[in-house]
Amino acid sequence: MNSALPLLSSAWRELRVHRVRSLLAGLSVVIGVAALVAVVAMGDLGRAAVQEQVERTVGRPATLSVDLTANGEQTASRTSVDDNAEWIRTLGVRALSRVESRQVQLDAVEPSSAGPLGTTVMGVDAGYGSVKRMDLLAGQWLPEGTPAPWAPPLYLNAEAAAHFGGEHEALGSRLSLAADLPTQGIVLGVVDDSRGEPVAYTDIRSLRKWYSESTAPETAEILMTVRPADTEQVTSAVLHHLGAAGLTGGERVHRVDDFASYERILKLLQAVLGAIAGISLVTGGIGLMNLTLSQIQSRVHEFGVRRAFGASQSHIFAIILWESVILTAVSSLLGTVLSAGIFNAVLATVPEFSGGIQFPVTAALIGSSAAVLIGVASALVPALRAARLDIIRAIRT
């Protein structure tokens, strides 16, 4: 440590003396590091954005769907749906929800400027909010247990709530599902499900009460979230159970979350952009080596004098090496700060993610490590040349 401090002090002093050359050498490294760090950070941002969107639209990993209306077959009876759901719960799934849907006309009971809204009403269990990522915008989400019989609950997504005046205006309003149905639902919550079209949710038992028990829903399925490692085992068990119950026909079980396919594309794109940024950083390293070589030519006499007063070849070698390391370390810090600023600026222009995306520390570590390695590599040739200078010729220069 005692021998390293004088070398660091000497290297820093030389960089301050040759400020213009140091600035020119460090500028290319700053740009290269900023590009590399930005690529890594934006790749993480893109991955998080795609994953969140997939979790909103189709489900968290790994989400399985037991489709009971597949291939145009007749929808399975409600008893069959309920019995199968209860059996699937015994498999130890993370979350489960029965899902039935109908096309309805939602209309405000009290006088309102908003007209009827043609939309889909989905009857679900409370676990639906765990199978898929849903942000609560106002009110509450469907609780566990039996819903209150005097107030069938409705939960609108952002698009449906906007039709009835907005998140807070729609909260607490009473809506009828059809003119021929006397039952009215009360809006207890507004959620963001990223569907892009109006959808209303309610407890599946309430939806069934609004319609005759003999009337089959338009769609019926069971959604469940399992550990990714258990996907094949659970799928096989459910298929075997359905077959034993005589539910063969169009019924099927399949995994619906497809984040892995998007992730492969993102990784490929990130690798290509990372390679381009890496080339930029290597180019900066080559420029740094050329400037260091030219700087050594102007410091030949200095190195000769140092050698004459007892400096060893390793001492001269270490000085040049430390100068490059310090320069690239400072440049990488500036490049990281620059890329972090760009990252935060981009993040401010896109919708806020519920996951709380932050600038990844790994991106800064990768950029800084790459810059220091480039600095060491680019200093090897100049440092060796400086260390091997002939003392007599160097002093005469």
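Cβ atoms here come from the backbone N, Cα and C positions, even for glycine.
TrEMBL annotations:
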type: DOMAIN; residues: 22-237; note: domain 'MacB-like periplasmic core'
type: DOMAIN; residues: 275-390; note: domain 'ABC3 transporter permease C-terminal'
type: TRANSMEM; residues: 23-43; note: transmembrane segment
type: TRANSMEM; residues: 268-293; note: transmembrane segment
type: TRANSMEM; residues: 314-343; note: transmembrane segment
type: TRANSMEM; residues: 363-384; note: transmembrane segment
Averaged pLDDT, computed only over the residues in the domain 'MacB-like periplasmic core' (22-237): 82
Positions on the same chain near the transmembrane segment (268-293), where near means CB under 8 A and six or more residues out: 21, 24-26, 28-29, 31-33, 35-36, 38-40, 43, 46, 320, 323-324, 327-328, 370-371, 374-375, 377-379, 381-382, 385
Same-chain residues near the transmembrane segment (314-343), Cβ under 8 Å, at least 6 residues beyond its ends: 7-8, 10-12, 14-15, 22, 25-27, 29-38, 41-42, 45, 288, 292, 296, 303, 306-307, 359, 363-364, 367-368, 371-372, 374-376, 378-380, 382-384, 386-387, 389
Composition by DSSP (helix, strand, coil) of residues within the domain 'ABC3 transporter permease C-terminal' (275-390): 97 helix, 0 strand, 19 coil
